[in-house]
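Chemist: As listed in Swiss-Prot for this protein:
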ACT_SITE  SER157  active site, nucleophile
ACT_SITE  ASP323  active site
ACT_SITE  HIS356  active site
BINDING   ARG227, ASP357  substrate binding site
DOMAIN    51-360  domain 'AB hydrolase-1'
SITE      ARG325  site 'Important for acyl-CoA specificity'
Amino acid sequence: MPTVFPHDSVGLVTPQTAHFSEPLALACGRSLPAYDLIYETYGQLNAARSNAVLICHALSGHHHAAGFHSADDRKPGWWDSCIGPGKPIDTDKFFVVSLNNLGGCNGSTGPSSIDPDTGKPFGANFPVVTVEDWVNSQARLADVLNIDTWAAVIGGSLGGMQALQWTISYPDRVRHCLAIASAPKLSAQNIAFNEVARQAILTDPEFHGGSFQERGVIPKRGLMLARMVGHITYLSDDSMGEKFGRGLKSEKLNYDFHSVEFQVESYLRYQGEEFSGRFDANTYLLMTKALDYFDPAANFNDDLAKTFANATARFCVMSFTTDWRFSPARSRELVDALMAARKDVCYLEIDAPQGHDAFLIPIPRYLQAFGNYMNRISL
């Protein structure tokens, strides 16, 4: 528990909340009459307001990307390895904004928020939101912060999809787009994994049609299973083999179905247990649907190059060799389309054994490449 923070940490940070009273029309046909977005900022906005960077989070992410909320925090924000003084997203240079998206469960308006029309939690009645909806809400946050143009919009996985959508929805408001371990749309296999996770939640007896909060329960087993399935896809076979192999928790097998015998079983159960205690089941459903629905080329006759025709940003696309959830082939597909659209794009394929989660890990080669790109951004 740090009492003196590392020299390259942003230190103590305090979340802020922006309230929006203007209705937000959503892709599903519904609207949110009012909503809150919780966010954090790191660094200082320069006089020209030209150094702002937006961080977009992935499925289970949130606004707390860097620093500490108190001296007693055991861990910093989820992307602390990349945000801070002298780090790839250098807070001595950039003013960084990180938010929790609509539908989240960490302070922004979402399923666990109170529906003003009923006085009860929204639950499953919270509208389905899309990546495009998120970007529209993020643009309103930029307006509140008086940021006309982002120096960069950055995200990994689902966050990378949001960064890409920014260049489509608001082409004149983003100068650099960094899409890391991402894809222009999900594959059938990815959609299938998301559906298995959703069914684990939806069929949990404690889900109660999404109204579990009113009953004072949570669909713990469903959330655990959803997280366990998801977590397997975030790791590579090599990294799991190196970390666990066929190691046992004890010296002998129990020959039953209830004991936790293999180390990898113990790890997955721990991950599921921990996740089910901090994440909202309805939010998980929403996030997976946002992933499934992201397909911007569908509005351009499935022509990915035409999709980015109006983009003015420079692009940096990064992938990891052992990521099979968002494979390098999907990033190369994106790069090919951007090149066909005659956009300024660089592509980095990083040799890393950690799988999809590599974008969250301080891998030296990754941090160096990331930092080199960010250092070249002029303000």
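Even glycines carry a Cβ here, placed using N, Cα and C.
The model shown is predicted, which means the values in this text are computed figures rather than measured ones.
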Chemist: In DSSP terms, helix, strand or coil for ARG227 (substrate binding site)?
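Modeler: For ARG227 (substrate binding site) - judged by DSSP and reduced to three states - the answer is helix.
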Chemist: Tell me, what is the mean pLDDT of the domain 'AB hydrolase-1' (51-360)?
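Modeler: Here the mean pLDDT over the domain 'AB hydrolase-1' (51-360) amounts to 97.
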Chemist: Return only the integer: C-alpha distance in Å from ASP357 (substrate binding site) to ASP323 (active site).
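Modeler: ASP357 (substrate binding site) and ASP323 (active site) have their Cα atoms 8 Å apart.
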Chemist: Could you round the CA separation between HIS356 (active site) and the residue listed as 'active site, nucleophile' to a whole angstrom and send it over?
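Modeler: About 8 Å separate the Cα atoms of these two residues.
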Chemist: By a simple count of other Cβ atoms within 10 Å, which of ASP323, ASP357, the recorded positions in the record, is least packed?
Modeler: ASP357
Chemist: List the Cα distance (Å, whole number) between ASP323 (active site) and SER157 (active site, nucleophile).
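Modeler: Spelling it out, the Cα of ASP323 (active site) and the Cα of SER157 (active site, nucleophile) are 11 Å apart.
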Chemist: Calculate the distance in Å between the alpha carbons (Cα) of the residue listed as 'active site, nucleophile' and ARG325 (site 'Important for acyl-CoA specificity'), and round it to a whole number.
Modeler: 9
Chemist: Cα distance, ARG227 (substrate binding site) to ARG325 (site 'Important for acyl-CoA specificity'), nearest Å?
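Modeler: Here the two Cα atoms are 15 Å apart.
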